[in-house]
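Read the structure below first, then the notes.
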Ligand code: NFS
Ligand code: SF4
C-alpha cells in the first residue's frame, strides 16, 4: 500500500516503510491481499448457521432469495447482527465478571488487590440499596458482590438489578413496553445464540428487539458494571497530564507495552514497573518506561498517567520500532500477527489469559493468586530483553502530543463545582441553553483498516468543535484524538468562540493555568458507561429523557463486535448513533430501515450511517439543532 495513504498519524509512513524494508507484512498489506472482499459477507447476506449451507442471498434479486431452509435476507441479516451484538456483550460481561470475582476475593481477604476508592464503594452501594451504616468495608463489599451475583444466578423473569438501579424511570418504562428488559445477562447471551440457530426465530422484528435487549445487557452487565467495580478497586480517574504517540518510547529505558483491556493486569504491571526500577538501572537502563495500547492503555492512562503508545491499527508498528522490549497482553483486540512480528525483533510477546494463547508468544498465567508474582516475572523478562535490544534495528519516531485526560463524571462535576458548588451541572446546562455549547457528541470505538487510520475521528471532531459542539471520547477514538493534539488545552484555538469561552472559564476557575481541552477523554470502551451516566445526570437535572437531549454518539472507524453492542446500547438509551463504516445489514432494506429510521419512534434513538466525515458532521449537527428546537432552545 502507498505509505502516505494509510494514516493521518505522522509516525506511520516511516515505520510502515521500515516494516516493508524488513520484509514484515502488516494489517495494511493483509487488507490489500483480501481484496476484493466478499459482497455477500459485506452486506450480511451470507449464512453459515447450519452445515447445509453456506447459503447466500442475491442482493440484486436475480439469484436465490432464500437460503436452503427458507431463511430470507431479512432473517439472515438480523440473525447475524444479533449474534455479533451477543458476542460483543459477552466480551464486556466476561470482562466485568473477572473484575467482580476480584472484588469478591477482596472481601475474602486477598492481598493482591484492595479498595482504593471508598467514596465510589459507598456510592455504588447506595445505588444498590445497601445500608452502609455500621458496616465494615469488607461487609459492604460482600453484600455488593452478593447482589450482583444474584443477577447472574437469577432464573426467573426478573430484570437485572444492576440495570434497574442505574436507569432513569422513563427508560425503564420504554424498555418494559417494548419487552426488551434483560434478565440474567448470561441467560440472555445464551438465549440469543439459541434464538439464532437453524430453524429458530424467523421474525426480523423479534430478532432486532432481542438485539436491543443484548445491547442493554452490554451497557449494564458489561460497561457500567466493569467501570464501577474498576473505579472501586483502582480509583476513579481525576485529571492527569501525559503524552501520546510512538514518540513516548524511550531509547535508553526498558520499554514495556501493556495491551488489551482489563486493568487487573495492567495496573499490576504499572505497580511492579515502579517497584523494580532499580533492577532496570542495574541492567544498564535509565529506568522502566511503560506505555499503553488499546483500552487497557486507556485504563492506566486515566488512572496512572501512563503515556499512550498508539491505537489498535498501529499495534504491530509499535513493535516495528524495534524499541519495545516486551509487550504483555490480556484479552480483546490483540492481533494474532503480533507473535510473528515480535519474532523479527528482540521483543518478547507475553500472553496471560487462558482464553488468549498465541503460538510463538510466551505464556505467563495471570490470576488473582499469581497477580504479583506473575507481574514481577513479566517486568523482569522485559529487563532481560532490554539487554538484547539491537540498536541497529531501533527507530523511535519523534512525534508525541501533550494530553490532559482523566475526565470521569466525578472529575467533570468537580471541575464544574468550582463555578457553582451547589448545582455543578447548572453552568454546563446554562451554556447549552445559551448556545455557547451547541450540544455534546461522544466519539468512540475503534480503528478499521477500511478507513484511513485516525482520519475519520479527526476530521469529524474538527468540524464538531468548530461548531461549538463539546466532544467527549473513549476507546481508540480517544487515542486518535490524543495523538492529534485535541487533548492539549492549546487545541481550544480550534473551537468556535462559544465553546472556547466555556472551556476557558472552567479552566480558570480550576487554576489549570489555561482552558480545558476541547475533547474530554473519558476512558476505555467500558467507560462509555461514564458517558451514559453523564447523559442521565443531565437528563435528570432537566427532568427530561436522555432521548430529548441535544447529544449524539459516533463510532467513526469501528471494527469490533463490541462496538456494535455498545452502539446498540446507546440507541436503546435514546441516542442517535453514527456509524462511519456500513454495518453488515445493508443486504436487507427492511432491517436497515428499522435500525436507521423506525427505531427512533420506538425507543428514541437510531443508527445513522454516513461514510463521509463532513456529511456526518453536518448530519449530527442537524440532529442536535432539531433536538434543541424541540426543547425550545
Ligand atoms: Ni473498544 Fe478497546 Fe480499540 Fe475498538 Fe478494540 S481497543 S474496547 S474494541 S479497537 S476501541
Ligand atoms: Fe442455509 Fe438456513 Fe442453514 Fe443458514 S440455517 S446455512 S440459511 S440452510
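A Cβ is built for glycine as well, from the same backbone N, Cα and C atoms used for every other residue.
Unlike curated records, TrEMBL annotations are generated automatically.
A quick note: this is a predicted structure, and the numbers were derived from the prediction, not measured.
If you look up TrEMBL, you'll see 38, 46 marked as [4Fe-4S] cluster 1 binding site. The [4Fe-4S] cluster 2 binding site annotation in TrEMBL covers 47, 50, 55, 69. Among the features that TrEMBL reports, [Ni-4Fe-4S] cluster binding site is placed at 261, 295, 333, 446, 476, 525.
Its Cβ taken as reference, residue 38 ([4Fe-4S] cluster 1 binding site) is surrounded by 11 other Cβ atoms within 10 Å in the chains shown. Burial estimate for the binding-site residues (55, 69, 525): highest at 525, by number of other CB atoms within 10 Å. When Cα-Cα distances from residue 476 ([Ni-4Fe-4S] cluster binding site) are compared across the binding-site residues 38, 46, 47, 50, 55, the shortest belongs to 38.
Ranking the binding-site residues 295, 333 by the number of CB atoms within 10 A of their own CB puts 295 at the top. What surrounds the [Ni-4Fe-4S] cluster site, by Cβ distance within 8 Å of the Cβ centroid and not counting 261, 295, 333, 446, 476, 525, is the set 294, 298, 312, 332, 445, 475, 524, 560, 562 from the same chain. Among the binding-site residues 46, 47, 50, 55, 446, the residues whose Cβ lies under 6 Å from any atom of ligand 2 are, in sequence order, 47, 50, 55.
Checking the binding-site residues 38, 46, 295, 333, 446, 525 against ligand 1, the ones with a C-beta less than 6 Å from an atom of that molecule are 295, 333, 446, 525.
Long-range C-beta contacts of residue 47 ([4Fe-4S] cluster 2 binding site), restricted to its own chain and to partners at least six residues apart, with a cutoff below 8 Å, comprise 53, 54, 55, 56, 67, 71, 76, 79, 80. Remark: residue 50 ([4Fe-4S] cluster 2 binding site) has 69, 197, 198 as non-local neighbours, by Cβ distance under 8 Å and separation of at least 6 in sequence.
Other residues of the same chain near the [4Fe-4S] cluster 2 site, with their Cβ within 8 Å of the Cβ centroid of 47, 50, 55, 69, are 48, 49, 52, 53, 54, 67, 68, 71, 76, 198. A Cα-Cα distance of 31 Å separates residue 46 ([4Fe-4S] cluster 1 binding site) from residue 295 ([Ni-4Fe-4S] cluster binding site). Residue density at residue 261 ([Ni-4Fe-4S] cluster binding site): 28 other Cβ atoms are found within 10 A of its Cβ, drawing on all protein chains shown. Across the binding-site residues listed here (46, 446, 476), the residue whose Cβ sits among the most other Cβ atoms within 10 Å is 476. Taking the Cα of residue 38 ([4Fe-4S] cluster 1 binding site) as the reference point, the closest of the binding-site residues 261, 333, 525 is 333.
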